[in-house]
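Novice: Can you keep this structure in mind? I'll have questions shortly.
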Amino acid sequence: MANQKGLHVVMMIITVWLLYAAPNIHGWGKEGHEIICKIAQTRLDETAAKAVKELLPESAEGDLSSLCLWADRVKFRYHWSSPLHYINTPDACSYQYNRDCKDESGEKGRCVAGAIYNYTTQLLSYKTAASSQSQYNLTEALLFVSHFMGDIHQPLHVSYASDKGGNTIEVHWYTRKANLHHIWDSNIIETAEADLYNSALEGMVDALKKNITTEWADQVKRWETCTKKTACPDIYASEGIQAACDWAYKGVTEGDTLEDEYFYSRLPIVYQRLAQGGVRLAATLNRIFG
């Protein structure tokens, strides 16, 4: 117990340093990742909830969502982790692990799907891990999984290499300059939060949780289903590239101004991907720790 308490103190110091020493650049954006982790934490069974609380540093005060951005911020110290946030595909609306899961040097497995496989497998050792070092790695593994499960559900994190996931497609979001990737990372969610929820993130979280038990209730079992003990990121990535083609890229050309028509037609897709990310993160942790 003393060793574990000491570990939590070390983790708190390291985590705080990493969080505040790095620039504020995010995946889904702060709100999107928080939403996914908030949804997930409410769906954890008792065993998984206990494991998550034990692995989180004391600074998190038991709140997984407070550290769901850790993986974004730490990549400026862990440079090797940058390619683990996305998948580059050909301009063909399809994803294949063996073809697409690699970094720019061609090293296989270095993409968000490969990272999810890796870190969920590490978490399987939680029950038998004894040393402080392995516990520290499992804390990082939990934070990586929680973040990457969000990234893989953002459609433009599984998208075309030719435009860097929409990052090179310059448009306007209403009156503001933006690129298409940033619109899906942040602008759609921020606009919804401001216009539909009085800038209250909890209102959006509550609405999504309600939809999970009502509007999407008949789909949740399918979202949770995975034949592996850990996660099924290839399914999530295949859905992602399809959503990118059908919704993110569709009808958009360089220099366009995207306004209400794009916002209201794409918002349901954003809502669904956030909900799927939260449901699947919880299901993954329940399988691993159960």
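Cβ atoms here come from the backbone N, Cα and C positions, even for glycine.
Annotated divalent metal cation 3 binding site per Swiss-Prot: Trp28, His33, Asp151, in sequence order. The disulfide bond feature in Swiss-Prot is assigned to Cys37-Cys68, Cys93-Cys245, Cys101-Cys111, Cys226-Cys232. The site 'Important for catalytic activity' annotation in Swiss-Prot covers Asp72, Lys75. The feature region 'Substrate binding' is assigned by Swiss-Prot to 147-196.
Map the listed features onto the structure and describe their local environment.
Specialist: All protein chains considered, the CB of His33 (divalent metal cation 3 binding site) has 28 other CB atoms within 10 Å.
DSSP gives Cys68 (disulfide bond) a coil state; it is part of no helix or strand.
Asp72 (site 'Important for catalytic activity') is surrounded by 25 other CB atoms, counting those within 10 A of its CB over all protein chains shown.
Secondary structure at Cys93 (disulfide bond), taken from DSSP and collapsed to helix, strand or coil, is coil. In this view, Cys93 (disulfide bond) is surrounded by 14 other Cβ atoms within 10 Å of its Cβ, with every protein chain counted.
For Cys111 (disulfide bond), other Cβ atoms within 10 Å of its Cβ number 29.
Within the same chain, residues at least 6 positions away in sequence whose Cβ sits under 8 Å from that of Cys226 (disulfide bond) are Cys232, Ile235, Arg280, Ala283, Thr284, Arg287. Secondary structure at Cys226 (disulfide bond), taken from DSSP and collapsed to helix, strand or coil, is coil.
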Novice: How does the region 'Substrate binding' (147-196) divide up by DSSP, counting helix, then strand, then coil residues?
Specialist: 25 helix, 11 strand, 14 coil
Novice: For the C-alpha pair, I'd like the distance in angstrom between Cys93 (disulfide bond) and Cys68 (disulfide bond), rounded off.
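Specialist: Per the Cα atoms, Cys93 (disulfide bond) and Cys68 (disulfide bond) stand 29 Å apart.
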Novice: Sequence gap of 6 or more, Cβ distance under 8 Å: name the residues on the same chain that satisfy this around Cys245 (disulfide bond), in order along the sequence.
Specialist: Cys93
Novice: What is the number of other Cβ atoms found within 10 Å of the Cβ of Asp151 (divalent metal cation 3 binding site)?
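Specialist: So the number of other Cβ atoms within 10 Å of Asp151 (divalent metal cation 3 binding site) is 28.
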Novice: Whole-number Å only: compute the distance from the Cα of Cys37 (disulfide bond) to the Cα of Asp151 (divalent metal cation 3 binding site).
Specialist: 12
